[in-house]
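As written in Swiss-Prot, here are the features:
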- TYR164: active site, proton acceptor (ACT_SITE)
- 18-42, LYS168: NADP(+) binding site (BINDING)
- SER151: substrate binding site (BINDING)
- LYS74: N6-acetyllysine (MOD_RES)
- LYS74: N6-succinyllysine (MOD_RES)
- LYS198: N6-succinyllysine (MOD_RES)
- LYS198: N6-acetyllysine (MOD_RES)
- SER202: phosphoserine (MOD_RES)
- LYS209: N6-succinyllysine (MOD_RES)
Amino acid sequence: MASSGVTRRDPLANKVAIVTASTDGIGLAIARRLAQDGAHVVISSRKQQNVDRAVAALQAEGLSVTGTVCHVGKAEDRERLVATALNLHGGIDILVSNAAVNPFFGKLMDVTEEVWDKILDINVKAMALMTKAVVPEMEKRGGGSVVIVASIAAFNPFSGLGPYNVSKTALVGLTKNLALELAAQNIRVNCLAPGLIKTSFSKALWEDKAQEENIIQKLRIRRLGKPEECAGIVSFLCSEDASYITGETVVVAGGAPSRL
């Protein structure tokens, strides 16, 4: 069927969205786009000053955004984040799980148990537990949408980032399993896998110009991505336009190889 050519505004009107790790980079861009598309957004970060700065900036743009401190690895922080959304807006329709850490660079055989625990706790376990925390609230609303932020490293691992790569591959599996289990509750679960997006989190991979150029030469689109180029995809996945999509991973990586 051909498009009518009519642009629909505010596809997320009056939806309530939680976005973790959303005061900078990809998370901030996602929070901004969801709010621009009509959602009431609750952002979070581990540091209060970062939350305050991001909330002030987004509210200055006329967007419905509030925020709270949340370390996703702490149960009490996850509970507070959910409670903030409920107290302010009465429910939760959307969760975007973006939090991740990467405290290690080197060979897999040199990774300590402590590093493995930290990466898997934050990058994988906390994602599952954050979803668990919001599902009962989504059920009360008749359904919802979860977007898990992984990485192209799930398919095409970065050298020296073994534990991080493994954690992101695990998120693709988590997405598929959550989608399978939550479909009956009308909760869709999808995954975003960004390539090398120019953010402070990925700075170690692009601050050296020679290294950046080497990466760019492997891309079909010969440049690094921008956070905003991830945000629209997430908004789409959370909207009714994606109502028949679940368990999928969308790669936003400039054409970099991205299959297992």
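Cβ from N, Cα, C; glycine included.
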Between VAL42 (NADP(+) binding site) and TYR164 (active site, proton acceptor), how many Å separate their Cα atoms?
27
Expressed to the nearest Å, what is the distance separating GLY38 (NADP(+) binding site) and LYS74 (N6-acetyllysine) at their Cα atoms?
30
Ranked by the number of other Cβ atoms within 10 Å of their own Cβ, which of the binding-site residues LEU34, VAL42 ranks first?
LEU34
Residue among the modified residues LYS74, LYS198, LYS209 whose Cβ has the most other Cβ atoms within 10 Å:
LYS198
Neighbour count, 10 Å Cβ-Cβ cut-off, for GLY38 (NADP(+) binding site): what number do you get?
18
Would you count the other C-beta atoms found within 10 angstroms of the C-beta of ILE26 (NADP(+) binding site) for me?
29
Whole-number Å only: compute the distance from the Cα of LEU34 (NADP(+) binding site) to the Cα of LYS198 (N6-succinyllysine).
20
How long is the line from the C-alpha of ILE26 (NADP(+) binding site) to the C-alpha of LYS209 (N6-succinyllysine), rounded to the nearest angstrom?
22
Can you grab the distance from TYR164 (active site, proton acceptor) over to SER22 (NADP(+) binding site)? Cα atoms, rounded to a whole Å.
19
